[in-house]
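Feature annotations, courtesy of Swiss-Prot:
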BINDING   44, 193  substrate binding site
BINDING   120, 166  ATP binding site
């Protein structure tokens, strides 16, 4: 599997997919820059009238519900509707959906307009959408992760999508299969927006290989986590330094290194 992940990672730079992002204002700059570091091209188009015209031109859509405004909500609905006829894949991060019911309603409305290819969240968010009890404090998960594989598979089957759960060990599931990703670093917990950035890198990979969305999702998360590991080894216990190095390490990461250093189980 690592061989295929390496090929997809290098393909991102070859294809330079256009990633249409509607994301939260806390992390929008970091998301744009991490997508650039991955080798893709970000476009932060949020005005509804513009989103409906732009979304069909994109390689992939990335919607993040972190600081959801009425204008963003309208843009997501317009964009998903307009892009559905072109089969543009959608990656959705349902930030805090377990504690803000309005976001669950929006997810259902988006699903009614077009398929969600990948749904990426923390443990509490994934369990909540799978119909299980998850513990959350605001946007952060307090869940231990017990039963996470089953929750991801349940959500993947229920909504016919790829479920990505981030935690101490990350899970990427579709229908009757899943992979565990063991790369990563605790320093991700000390910066704002690690999950948002991970979603952006996943979107870049799915945009480059939409026909292999499960492998592309694994590739994006694996690359982001490995870049984090490498950054942490140089940063010590300094989150500001770590954040800067994260962009640098992702930018220089190549498929051959991903194949050698990636730690997967499937």
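Glycine is no exception: its Cβ is also placed from the backbone N, Cα and C atoms.
Fair warning: this is a prediction, and the values are worked out from it, not measured in the lab.
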- Query: How many other Cβ atoms sit within 10 Å of the Cβ of residue 166 (ATP binding site)?
  - Reply: 26
- Task: Measure from the Cβ of residue 44 (substrate binding site) and count the other Cβ atoms within 10 Å, all protein chains considered.
- Result: 15
- Enumerate same-chain residues with a sequence separation of six or more from residue 120 (ATP binding site) and a Cβ-Cβ distance below 8 A; give 'none' if the list is empty. 91, 92, 93, 164, 165, 166, 195, 198, 199, 202, 217
- Query: In sequence order, which same-chain residues at least six apart have a C-beta under 8 angstroms from residue 193 (substrate binding site)?
  - Reply: 26, 27, 30, 31
- Helix, strand or coil at residue 166 (ATP binding site), per DSSP? strand
